[in-house]
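Pulled from Swiss-Prot, these are the features on record:
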BINDING   S61, N111, E155, N162, Y186, Y238, V256  substrate binding site
Amino acid sequence: MQAMLSSILDEVRPLIGLGKVADYIPALADVPANQLGIAVYGNDGSAYRAGDADTLFSVQSISKVFSLVQAIDHGGETIWERLGHEPSGQPFNSMVQLEFERGRPRNPFINAGALVICDINQSRFAVPILSMRDFVRRLSGNPHILVNSVVAESEAQHGARNAAMAYLMKSFGNFHNDVDAVLHSYFNYCALQMSCVDLAKAFSFLANEGTSAHSGEQILTARQTRQVNSIMATSGLYDEAGNFAYRVGLPGKSGVGGGIVAVVPGQFTVCVWSPELNAAGNSLAGMKALELLSERIGWSVF
């Protein structure tokens, strides 16, 4: 496995320079584009890494999975009264569908859906940002994970569209807390800094029927785990989820920080990171690396 990871990174490295680092969040635009890392964590505790797997990066929309899990843990099936679990087929920050469907987001991984989930968690936790930070520290086994306040502030200064979505949902009665307070939590969740190693470990419960592979803690039930994985498979890569299913064949979640996490149910979790994105907002080299890895080991669930 170790040799394979190194070989795959060598194969995809020529793609660096063909994508574009996210620049609509200024703090992300400054990230050096020539970085590439991958980490694999097994249900048996085995761990492999290559490249810049220990380098911290902004998780961005990958945090939406953590938020969803917190909401499911507290609210169970009741959360689906406020949002769906269907693919959107629209850009992650689109408002057209949200208006047409009267403020009920299609799924928890588009921005509107993630904001509803944050609204749910805002009602539950006294200090949502600290609750999220402590949750990911526990999942990853890394007590040093922090929020990058510069990235969070940068997002807040360029978050008008997210605010518009929140107020639109509030007008339909599907947003209960103060919009600014929820946005503050949301931007801080996205600004969590983690490495490929951290994320592969943190997602291990999704490959292990809801139980963390490194701590033994039950995070979700087996049924809830299948539900989260199914939403990742259909909606986890913005409007490129179908292409990811075709090429990689695994549940996954990406972020505009350049990270992608993929789950091999019953076996492994994988995180790859390269900051340059393709036109859909997903890591260009990361997508190819996961495609090659899945193909060579036969990991596709299809």
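Backbone N, Cα and C define each Cβ position, glycine as well.
Structural mapping of features recorded in Swiss-Prot.
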| residue | record | DSSP class |
| --- | --- | --- |
| S61 | substrate binding site | helix |
| N111 | substrate binding site | helix |
| E155 | substrate binding site | helix |
| N162 | substrate binding site | helix |
| Y186 | substrate binding site | helix |
| Y238 | substrate binding site | helix |
| V256 | substrate binding site | coil |
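A sphere of 10 angstroms centred on the C-beta of V256 (substrate binding site) encloses 24 other C-beta atoms. When other Cβ atoms within 10 Å of the Cβ of S61 (substrate binding site) are tallied across all protein chains shown, the result is 23. Residues S61, N111, E155, N162, Y186, Y238, V256, recorded as contacting substrate, have a largest CA-CA distance of 19 Å.
Taking each Cβ in turn and tallying the other Cβ atoms within 10 Å, the top scorer among the binding-site residues Y186, Y238 is Y186. Long-range Cβ proximity for E155 (substrate binding site), meaning a same-chain Cβ under 8 A and a gap of 6 or more residues, is found for I25, A27, F187, C190, A191. Sequence-distant neighbours of N111 (substrate binding site) (same chain, 6+ residues apart, CB-CB distance under 8 A): F92, N93, R161, N162, M165. Neighbour density for N162 (substrate binding site): within 10 A of its CB lie 22 other CB atoms from the protein chains shown.
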